[in-house]
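Colleague: As annotated in TrEMBL:
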type: REPEAT; residues: 6-58; note: repeat 'RCC1'
type: DOMAIN; residues: 8-388; note: domain 'RCC1-like'
type: REPEAT; residues: 59-115; note: repeat 'RCC1'
type: REPEAT; residues: 326-377; note: repeat 'RCC1'
type: REGION; residues: 512-633; note: region 'Disordered'
type: COMPBIAS; residues: 621-633; note: compositional bias 'Basic residues'
Amino acid sequence: MKNVKNTLFIFGSGECGQLPPEYCDEYIQTNPTAVRNLPDNIDEVVCGSMHTIIKTKDDKIYSFGCNDMGVLGRKTFSNSTKDPEHSPTLINFSFPSKIKKITCGDNHTAVLLYNGQVYIAGGFRDSSGGLGVPSFLNDDEVLPKTYEFIEIKFKLPEYEKESDEENDTSDDEGMATILDEETNENNCKIINIVSGEDHLICLEKSRNFIFTMGNSDSCQVCNPYYSQEDAEKNRIRYLFPNCYHYKDFGFSNKFKNIYCGGNNTFIQLSKSLDVYGIGRNAYGSCGVNLKDNIIKKFEKINELSNQKIKQLCGGQSFTVCLLTNNDLYIWGNRDILGMEYDDDSYNPIELPFFKNNNYTVKNLFCGTDHCLVLTDDDKLFGWGTGGNDFDEDTSIAVIEQNNPSEINFVKYFNKEILKNNMNSSDILINQIKIASFSGGSSHCALISSHTFSEKVSLKRGYDESYNEDVYMKKQKMENIMNGDDNKININDAEPAKKRGFFASFYFSPTKSNNKDSKLSKDELQNNKNDTTADEDAIKKRRSTKNRSYLNVENPTRRQPRRSCKENISLKENANRQFYQIVDESVSKKKRKTDSNTKNNQSTQKQAFDEKKESKLFATKSNKRKSMTHPSSK
């Protein structure tokens, strides 16, 4: 099976502990860098203002960042290796149901479960300081902070039971609201939650009610405006969950969905599809075409009414809305509009960049002062304003400029492969995707999902096709490393190039995973009719089954060591060995001697010659004597 691995990449500012210090250079990480102490099955990342939450596929949660008010959902010790604050650490908490959605604000983390329950960790703040979070154990009890998740208790009015038959559970675009069979102990089920900087909005299952809680100083929790003299009692009153029926705002239709900016709230009605906004209107971020600092009651946004909304989110001073027809609207601070604009926009205006470049927007996310957009072809774009100057070729510089620019995360992913000495040939280049991404006040995080090639058992003749795939992947990796953007899909390669002689026998054309190597109809018909060719091919396959190196088609195949001697038959070779026939004559080796040995040998030879000469002289002299004085008889 294919091996899918997910990796977390982070970049941005870490001056307040948003990022692990070991991944920062002077509290800044200018380009995406991998966090290596997380499991491979992470699938979702959500950023708060100065913290990050990571979820795995089996619903385990990791957190790191600034643990202000206990927002990480665990106790931390800044000067200890136990439960470090700034390093990804597992939260020791078990939820009673599967996790459906996670949202983060400045100082709170909220978790929605499939059974309709909502849990929260951390707390809320307002302009006067810390508000805390309700304990939900005793009435009117407020905790200054909480280091573990606690369940939010919702209470519906009694007359809600009479309207249960009219419940509308139809789904909205861009938001999965299908509930499983699990139930909770309360009579209230929540199907969606959204977080602002310091407030939380929850949509009830019947869509007749919404619950709001948190900071209320700018009417962002849909509360009536109150003066500074009444702030002390009202700020605690609206800290607790308050329930509102759609008729409480004068609407004639149920709620279709809920959305949040940094300090404002948006709702869309179910039948009319009208869109309304309320809350802080900094730089016109409510989009209601009013210049008031605070929008004290729901006002209609005409440009978005009667439109199908896919996503709507915002930062501190701007808001972005994506429609199902791929139209992208933006309003608010002129420095974050994604285009040159002379003034702040108090009503939605279309951002034409993605349509003009034939991009289809898949997903978007807003940080405090920047926006991230993911397209269908897995390109990540960003823009914003942070007021800082960075090198133009860095990713952090992208979210500091006003115009959308691409963040080439694949380049940094490839660098991570080389850094860890991973086998790049095993990675399917066309399957490197972004599984999730998010942004905080001054940092960003994304999860890269990459697929490794399928590992199979090698069966000699099968090696050819597998190694050809590996060769093609290596070539594609080299092209990308060299900056070649012409990516070639491996599955689109010509079947003739991927299929060699042996692959036609070891690949079954009927199998789904061998579609690229199946024979044509004409070839199959020829094989059926020509039985002799089949028998010869089978014999040839058997003869080469254990000698796959005989195949010369594969350029990546390791060839056997070759001999420099002339080719001879097996029988001749055996005879030569038996009779000890050699190609060259055997020469005697000269014995090595030292100087003393040579001197002794020369002396002995000289003495021998002198002795021989003396004997010869004696023999000659005796012969002469015998001739001069012959013996008498």
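Keep in mind that glycine also has a Cβ here, set from the backbone N, Cα and C atoms.
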Colleague: Per DSSP, what is the helix/strand/coil residue tally across the repeat 'RCC1' (59-115)?
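Modeller: Per-class counts: 3 helix, 19 strand, 35 coil.
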Colleague: Averaging the per-residue pLDDT over the domain 'RCC1-like' (8-388), what integer do you get?
Modeller: 90
Colleague: Please spell out the DSSP helix, strand and coil residue counts for the repeat 'RCC1' (6-58).
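Modeller: The breakdown for the repeat 'RCC1' (6-58) reads 3 helix, 29 strand, 21 coil.
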Colleague: Could you give me three numbers for the repeat 'RCC1' (326-377), the DSSP helix, strand and coil residue counts?
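Modeller: Per DSSP, the residues of the repeat 'RCC1' (326-377) fall into 7 helix, 23 strand, 22 coil.
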